[in-house]
């Protein structure tokens, strides 16, 4: 089992959600996050005072995947979220030891 | 200035009304701003605020003169007669015994012109270049609002020697601007919504209002200001103004109930956005008719307008036109309903002197109302379309796709509406601020 974590542009959420649904992924966890990497932030101006907002709004998507599904999911996310400009985001895969469905107590792949 | 001729009570009422009408524009800014998403709230408000600046300047330079100067064939006032408010200091407006300074009238009417332009902005939410809005405001006020306002607001023997053709020749009732303001702005809104195209995600992602409490505050303040809009149009502190006040009250109330009832039957819930929208619809509906109907007539007009507008706003989805905040559904439809309803509910014994269809006046007045409404509608559609094409070809109407997706506030104004985060996300330079290590006093001496 793997956890796929993607940091994407907020306006790419719809496209990613639709693409994942078409791929057969029917669940995800979404968090509104802020951060910066190469894209850096943006500048706002208040009465002539320029303020650089370092942290750009992003959305973090987390998806639990069974077995070797993760790379396919990463590809789907990348294809849907790519605009080609800086700031499109990142996706990574982390191994997951075990999962439990709270309602039934099922474990492992059965709980995904 | 000859102070003796001026009626102080009437002057006071008109000046207070002028301030009330001006308040309607920031109220509209709140009303509209609450309905957009948080990433476009400032741009929405800025479009209203901008019209207060632009129209104030145009009005003094030539707007008042184009609207109330000596009429050229009933079509346009002489733009040079009062240019720069020349010759206004000694002038008065109004019948014998009820004269007010021409400046009071000019200020009152300036606030009308301001909100007429601001109304249009609801159709272009989240996607129109600010520079394009500046250009369109100047052009539309000059070529569309000032002429149409002349047609309906300039009466013979008033501020102009020969007034506008709808007021004097057609003799359509339009007490406070159902045609010149609401039909006119609504038609322009329709044209701009089509010219711009829908927002990214229109009909695919939900674009729910980000702050309905702002919408409610805005609607309440609009109602408050509308008492000046309609009541002040009597241009005197008299019984007509008082009746208009009551009509304005009951029409908005009835329209709100009509809208809520429609929602309850259609969607299962009476919503706050529906209540706010119903209030505005009723105010629009009663505006042209408020001097010629009884309070019971106003009640009927309000209820009809509320139901019609609640139904009409659904049409934009059917036609695929992103009239984002329903300017067409509320102002154009409400203005048309109210203007025509004046021809139905007008009581002959009141200020207009002509009876509508339901009071034994036959179809004549209804026909006059239709001519006035259709003339302004067609004129506004054509002129607004040409202006939209002109602005698109020069400045460009729409912001780029990325900026729209990220939010127009940042792209156009370099600001954000809200900073609700508890984390300090900002610094003062282009790069991250890393504090220098403090030097010890010994090091400073060595340096």
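Cβ coordinates come from backbone N, Cα and C, glycine included.
Here TrEMBL flags B:12-418 as domain 'Ammonium transporter AmtB-like'. The transmembrane segment annotation in TrEMBL covers B:12-33, B:40-62, B:102-125, B:132-155, B:175-197, B:209-229, B:235-260, B:272-289, B:295-315, B:327-346, B:366-388.
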Residues from the same chain, set at least six apart from the ends of the transmembrane segment (B:12-33), whose C-beta lies under 8 A from its own: 41-42, 44-45, 47-49, 51-52, 100, 104-105, 107-108, 110-112, 114-115, 118-119, 121-122, 125, 211, 214-215, 217-222, 224-229, 231-233, 235-237, 241, 276, 280, 325
Beyond the flanks of the transmembrane segment (B:175-197) by at least 6 residues, Cβ under 8 Å: 112, 115-117, 119-120, 122-124, 127-128, 136, 140, 144-145, 148-149, 151-153, 166, 229-230, 233, 244, 284-285, 287-292, 321-324, 327-328, 330-336, 338-339, 342, 351, 372-373, 375-377, 380-381, 384-385, 388-389, 392, 397-398
Leading stretch by Cβ pairs under 8 Å, where the reference is the transmembrane segment (B:132-155) and the options are B:40-62, B:209-229, B:235-260, B:327-346: B:40-62
For the transmembrane segment (B:327-346): best-contacting stretch of B:40-62, B:102-125, B:235-260, by Cβ pairs under 8 Å: B:102-125
When counting Cβ pairs under 8 Å to the transmembrane segment (B:272-289), the leader among B:209-229, B:235-260, B:295-315: B:235-260
Stretch among B:40-62, B:102-125, B:209-229, B:295-315, B:366-388 sharing the most Cβ pairs under 8 Å with the transmembrane segment (B:235-260): B:295-315
Averaged pLDDT score, the domain 'Ammonium transporter AmtB-like' (B:12-418): 95
